[in-house]
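Asker: To start, I am sharing the structure in question, which I have written as structure tokens.
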Amino acid sequence: MIMINKAIKFKFIIFYFFSYIIFAFASTKFTPFLSKLGYSAFERGIILSSYAITNILFQLLFGVLADKYQTMKKIVLISLSVYGIASVIMFSTESATFIIYLLLVALSGGLLNTCCSLYDTWIIGCGDNINNYLSFIKTFGSIGWAIGSMVASYLILRFSYFGLSVAIGLIVVLLIINILLLPDIEKINKKINVTNKDIIELLKDKKYILLVCILFLLYSMVVANNCTVIDKMIALNATNSQISLKWSLQSLLEIPTYLAGSYLLKKYSSLNLLKLSAIMITVQFLLFALTNDSNIIIILCVFQVFSTPLILITSKRLIFEVSPKKLRSSSQLIALSIFMGGSSLIIPTVAGFLSINIGYNYTLMILSLFGCLAYGLIVLLNYLQE
């Protein structure tokens, strides 16, 4: 059994590593590719906003299907295949219409983000022998993303965007073979009928809704870090190298937390770790607001150790604990569609509007209040659980 678990863990590590490489290939090059095609900032914004919507829809749909048919493996197989097809078509053509690119980005970007959530839910559903290694396995996703971000630029420089599309296609084929060698989620019954009533009951659960609100507030700050803070750096005349350094540093700083994730979850409660994340991300945003030096903003990325990885690894465990057994997959993906998809859809627009009208510094100060509010709600959730 131990040898089997090690073999499965290794296959999941390979799966995460190469998946995140091709996810970085697409995600980090959407904007440069559309810019190369001559689309304006406004047109790019419309195209890129499309995948926030599809991300929400896909997660809601796939969560229900996973619980109804008691499978995650088949859903991941289909999702990854469609992601690969959409990405290959998009990067291999430069003469399609605006609507075609909007649809391709909606599919590629939406499935990219959805796959990240599906992978984690898949591992959680495989039982304790595997899901205890989730944070460790996710480490290799972060490593893959960091490598993919750098390799993508080399591929484009050497072989153009067509070369990038070929690389995505080849790796997707290898990943499909890998999927066939991995186990599916543990089945509760041969068939489970997930009804609208079950979903409504889940959404009426006070603990579940409170947890989703907490995660929405904290992830809104993660989203703002990736858009509003970058916009402030641009306003401060940061170079492309400085902005790239911020992205790379953030990915690399997540690795220690993912490596220590299993240990941290065993030693400390998930809610206490989430409290720590709320405190540290609040301090980070206050410092973002107070500085007018791009180099200082880059240094403040050290807080990444306590933000995104802690939020993601604790959210999986907490949602799992407060959800009914028959809705383990639905509860995860519905929550993710709300706090991750919802914040990705709302925050860039709201923060952008505030930045124009009151400036970046005041906007970041307002966003820091999200962390304070999240901390208060965590205390309330802790009280309800006791």
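In case you wondered, yes, glycine gets a Cβ from its N, Cα and C as well.
Positions annotated as domain 'Major facilitator superfamily (MFS) profile' by TrEMBL: 4-386. Per TrEMBL, the feature transmembrane segment maps to 12-34, 46-66, 75-92, 98-124, 136-156, 162-182, 208-227, 272-290, 296-313, 333-356, 362-384.
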Asker: Counting only pairs 6 or more apart in sequence, are there at least 3 Cβ pairs under 8 Å between the transmembrane segment (208-227) and the transmembrane segment (46-66)?
Answerer: no
Asker: For the transmembrane segment (362-384), could you work out the same-chain residues 6 or more beyond its ends whose Cβ comes under 8 Å from its Cβ atoms?
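Answerer: Distant contacts of the transmembrane segment (362-384): 206-207, 210-211, 213-214, 217-218, 220-221, 224, 228-229, 232, 271, 274-275, 278-279, 281-282, 285-286, 288-289, 351, 354-355.
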Asker: Could you tell me the mean pLDDT over the domain 'Major facilitator superfamily (MFS) profile' (4-386), as a whole number?
Answerer: 87
Asker: Are there residues at least six beyond either end of the transmembrane segment (296-313) with Cβ under 8 Å to its Cβ atoms? List them, or say none.
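Answerer: Residues 120, 134-135, 138, 142, 215, 218-219, 221-222, 225, 229, 232-233, 236, 238, 242, 245-246, 249-250, 253-254, 256-258, 261, 264-265, 273-274, 276-277, 280-281, 283-284, 287-288.
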Asker: Out of 75-92, 98-124, 333-356, which stretch has the largest tally of CB pairs under 8 angstroms to the transmembrane segment (162-182)?
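Answerer: Highest pair count goes to 75-92.
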